[in-house]
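Positions annotated as active site, proton acceptor by TrEMBL: ASP81. Among the features that TrEMBL reports, active site, proton donor is placed at GLU252. Per TrEMBL, the feature compositional bias 'Low complexity' maps to 1-11. Per TrEMBL, region 'Disordered' is recorded for 1-25. If you look up TrEMBL, you'll see 1-48 marked as signal peptide.
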Amino acid sequence: MNLRETTPTPAADHRTPARRTPARRRRTTAAAALAVLALLGPAAAVQAAGPRQGPPPTGKLTMVGEVGDYVEGVVDDPAHDPTLFSDRGVYYVASTGVANPDDPGGIFLRRSDRSLAGPWVSLGAIDLPRWTLDYGVGHLWAPHVVELGGTFHLYYAASSFGTNRSAIGLATTRTPGDLDSWVDHGPVLTSDTDDDFNAIDPDVYRADGKWWIAFGSFWSGIKVQELKGMDTPVGPVRSLASHPEVPPNAIENPQVFQHGGYWYLTASWGLCCRGVESTYETVVGRSTSPIGPFVDRDGVPMTEGGGTPLLSSRGNQIGTGALDVLRDRGRTYAVHHYYDARTGGTIRMQVREVEWRGGWPTFSYGPGDGQPPR
């Protein structure tokens, strides 16, 4: 698979490269799911013995199933910008849609009935809302899912390369595995060319009875704003992080979450969407407040370029970024995408347990992870 490289302009940030085949998986039938299990062999059969079987997984999970596939003319379901959530013991991942300017791809869904490791089965794409076409979309980007009272809120980005004329939309459902059940509610937050921020890469979280939306890519960096009723921005737009050392401020993909007495902000530095030439890496800072200021281990504010390295290219996993966090069975897990160097840059997803040392998140690396690129 040869990925088309994109020019690193401010918005050529973290979408799947604009390549397209005649086939796009829309639904996965029961027969197809059984065929996947058969191909995966005995290991998958053991994992499929029952929901959440055994103790919570640890370390870097061995992913099985449809975790990002590309076969020309047959299937195209990359796992770019994954977000991880669960519903009554069933795990889901939503990710950026398949790129096609003639038939823009909606947010893509896959599920695992047994384990965070899989086997994962692709469900297909949620229908693309027509209002997003006004933003020149080739596909929808970077979803984030939040559950409240049994209703799942899917936030996503509508934009195109090279512009900050962008919008963050919202869709909801009570049955996330049913692609037709998602109801779109239109744009929640927008940006235009006279703004100094880019309204993409949403991350919605709750703190002290208030909802907040973190967002941003390039331009002036990562922002946050209060959300009234989970769908109406109110109050000032505040800065959370920037990366001015790498023009043009190559930072995006905010994720804010709590552990112990701190709030943590992760973000992606560098460039994505260039296949095995991607330079994405993930950094982290922390704060006692959910809206910052966030600082790294050395005390450098993230608004001034601070960020402690958390996850970077290693072995066959190149351009690791777009990290999303899930709390499950007393443990913290993170999903991220990477470009598989063994297959020329196939966009796949990886789930890892987040470990904690001295009040900071970290990941363990073993011999199977390989070495960082030289």
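Here the Cβ of each residue, glycine as well, is placed from N, Cα and C on the backbone.
Note that TrEMBL annotation is computational and uncurated.
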Listed active-site residues (ASP81, GLU252), ranked by Cβ neighbours within 10 Å, top entry: ASP81
Distance [Cα-Cα, Å, rounded] between the residue listed as 'active site, proton donor' and the residue listed as 'active site, proton acceptor': 11
